[in-house]
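For CYS75-CYS91, CYS172-CYS249, CYS207-CYS230, CYS239-CYS267, the entry in Swiss-Prot reads disulfide bond, with the evidence type sequence analysis. The feature domain 'Peptidase S1' is assigned by Swiss-Prot to 44-291. Residues or ranges marked as N-linked glycosylation site in Swiss-Prot: ASN40, ASN110, ASN272. What Swiss-Prot lists as signal peptide is 1-35.
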Amino acid sequence: MATSLRGLDAGPGSLRRWILICFAALLLLPPRPNLGYNENYTEPVCGTPWWPDNLEESHHWPWEASLQIEDKHVCGGALIDRSWVVSAAHCIQGNKEYSVMLGSSTLHPNGSSWTLKIPVGDIIIHPKYWGRNFIRSDIALLCLETPVTFNKYVQPICLPEHNFNFKVGTKCWVTGWGQVKQHSSAQLTPAPELWEAEVFIIDNKNCDSIFHKKTLYPQVVPLIRKNMICTTNYGEDLCYGDPGGPLACEIDGRWILAGVFSWEKACATVPNLSVYTRITKYTIWIKDQVSHGAQLGPCRTSWLLLLPWLLQLPVSL
């Protein structure tokens, strides 16, 4: 049997008080613990990962993130602090419920004690994102509902200063669960294990010229802009590899997030070219968003933003 609110003698003042009490209770709830992350605890400096003894066999990318919908991998990402992951804006598919997996190089970790699966509490897409034709400002920030506990399997990558210049020829690494050496007609399914490929930064003008040869756009229309960064490996790259995945470069002993994977030329062609969102063009924006989020507390920001609106609702139901 339905109960009328009128029968509860709830006036405008009391209803607003109840709303405030409910929101206060939600905000005071302790965050859900990240079980399994007390072993090998470290308080890392960004961009200084733990490496296996044999570097020839494999590297270790503790900032690598898998953005998932209903436990299915959709995009890559990079952990930049306890609560924030950087990914590509075009990965966000409307009003979906996302989670982020951290601490594993496989998409199916089988209950590994160091693997985290954390719901995404808030998503911020850059206001100048353009998703048609050649993508622009392809960057998004994912705020985790629960801050992570760092250990040797989960650590952040460094953000570059906004005025840092990644020189042409710089050797970097691209990682992700994308296909490797697959024909363009192959079915696009994620690889079960994390791939890595060594790539080199190339000049934007050279990259732009190569792309123009494959399009009908006139030369006066730039395809590769200043807020993008271009790489090649002349034959071995992450073909159809993870959108949103990190381009990581080791600079003076620290690993720096140079780019976020955005789009690429077909990997059946040579040279293999990949285009990334250039992080230096967005460092200030990222830091502003992270700082603002820290002031609001854990990523229940969507609830907080709704609070003023809820308090203005009419009470006659």
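All positions are counted from 1 along the displayed chain.
A Cβ is built for glycine as well, from the same backbone N, Cα and C atoms used for every other residue.
Around the Cβ of CYS230 (disulfide bond), the number of neighbouring Cβ atoms within 10 Å comes to 26. Cβ neighbour count for ASN110 (N-linked glycosylation site): 7 (other Cβ atoms within 10 Å of its Cβ, all protein chains included). Within its own chain, CYS172 (disulfide bond) has PHE166, GLU198, VAL199, PHE200, ILE201, THR231, LEU247, ALA248, CYS249, GLU250, ALA258 as residues 6 or more apart in sequence whose C-beta sits under 8 angstroms from its own. A coil conformation is recorded for ASN272 (N-linked glycosylation site) in the three-state DSSP classification, outside any helix or strand. Of all the disulfide-bonded residues listed here (CYS75, CYS91, CYS207), CYS75 has the Cα closest to the Cα of ASN110 (N-linked glycosylation site).
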